[in-house]
Amino acid sequence: MNFSEVQNIWDCSKEEWNDWQWQLENSITSVQELEDKFSISDSEAQKIKKAADVFPMSITPYYASLIDFDDDTCPIKQQAIPQSDELKNNNYEMDDPLHEDKDSPVDGLTHRYPDRVLLLVTNKCSMFCRHCTRKRKVGDDEGTVNLEQIKQGIEYIKETPQVRDVLLSGGDPLLIDREILRKIIVELYKIPHVEVVRVGSRLPVVLPQGITDGLVDMLSEITEEHGPVWINTHFNHKKEITAESKEALNKLANAGIPLGNQTVLLRDVNDCPEIIKDLMHQLVQNRVRPYYLYQCDLSRGIEHFRTPIAKGIEVMEHLIGHTSGFSVPRYVVDAPGGGGKIPVSPNYLLSNSNRKTILRNFEGTITVYTEPENQTSNCPPNCNICDNPFVEEEEQNDIGLQKLFSEDNDKISLQSSEREYGNYDS
Ligand SMILES: *Cc1c(COP(=O)(O)O)cnc(C)c1O
Ligand code: SF4
């Protein structure tokens, strides 16, 4: 849509259009507004309304302007406009498939991995993605920013010295009051063991106007005075890479903010190796490092977006070796029930004996790697990292499969009840 088409629909000035607060105030949240602005048939409007009554709709004017309403397969449309498929209920779909609530030692904080936590700072999003895994929470306005809860989360991190990496998520952390956001990050960096703070945000995709000079200045100031702020965003299709989103990414990259991207594999939106490869190439051209390719979760209302895992493997098969290593994300399945992200990949190791390992490459060439005669490979001499007297006894404990590998451990099997992280409610 060019700007005169935009003006025809929204009757706004260029300044208003580029003002993210104006974008938020004018977000489309009712089917009536959609019908007023775009040509939508009555039957389609009815279907949208039914789905939006259950899972609310909110679309920024900017993101709406990218929709091709005449094309039901438009990747932007599918991510933004409610569909009746969302109402199909399947009993294996869950409200909290990743046990983010269950794995919470305090409300709003998930501690599932040894050295990092997820801290939810808001439920607010500028666009409600139809495929959102946190559909149960997004747009439920009772808990927009709950400062008391965030304080409790920070307190937990203070008391938990193994946490060195804090991931701010939501909702969209870049939507909360920016002075509050600054204070949260600065508070986190006051904790001696916090080394990295990351922010997950979809603003560069759905509201790039929100990457203001003020925000960028604030982030580079925090970086200089306290520590790095990594940003992970969420592009799913090349169509989302517009002049506006490029500008937002460019501003962040120029300020030295490391950028990553998490894509969700979505049926009929991007479930094709070429579409994903194209997107990955666009991202690296804009200094964004592809981080994860997610298998779609088992959340309620998103069954129609799910592909078989085989599709993800096929996509990875077309990326690994075929394009630059830094254009290849890691494909992960977030384990239902809260097991965390599990990397899945095509197999490159075909077989092995104690003398030889047989591998195949991306083209299907099969090669043999001859193993060294001396097969013992112990610690390098004079390394004392693991019996360092400054490391607490408890931290030396083996986790997961390490228990089976360990020489000091006589375990021969692992029980799921021995999970170290999560299950705070038991
Ligand atoms: C994804 C995730 C993290 C961050 O993990 P990385 O794989 O290191 O990016 C931390 N906590 C939770 C609960 C997560 O889901
Ligand atoms: S931006 Fe993220 S949290 Fe918000 S609706 Fe989209 S997928 Fe969900």
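Yeah, the Cβs are placed from backbone N, Cα and C, and that goes for glycine too.
As recorded in TrEMBL, the features of this protein are as follows:
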type: BINDING; residues: Cys125, Cys129, Cys132; note: [4Fe-4S] cluster binding site
type: DOMAIN; residues: 111-327; note: domain 'Radical SAM core'
type: MOD_RES; residues: Lys341; note: N6-(pyridoxal phosphate)lysine
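TrEMBL feature annotations superimposed on the structure.
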residue	record	DSSP class
Cys125	[4Fe-4S] cluster binding site	coil
Cys132	[4Fe-4S] cluster binding site	coil
Lys341	N6-(pyridoxal phosphate)lysine	strand
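The Cβ of Cys125 ([4Fe-4S] cluster binding site) has 23 neighbouring Cβ atoms from other residues within 10 Å, across all protein chains displayed. Separating the Cα atoms of the residue listed as 'N6-(pyridoxal phosphate)lysine' and Cys132 ([4Fe-4S] cluster binding site) is a whole-number distance of 17 Å.
Confidence annotation: the domain 'Radical SAM core' (111-327) carries a mean pLDDT of 95 in the model. Around the Cβ of Cys129 ([4Fe-4S] cluster binding site), 23 further Cβ atoms fall within 10 Å across all displayed protein chains.
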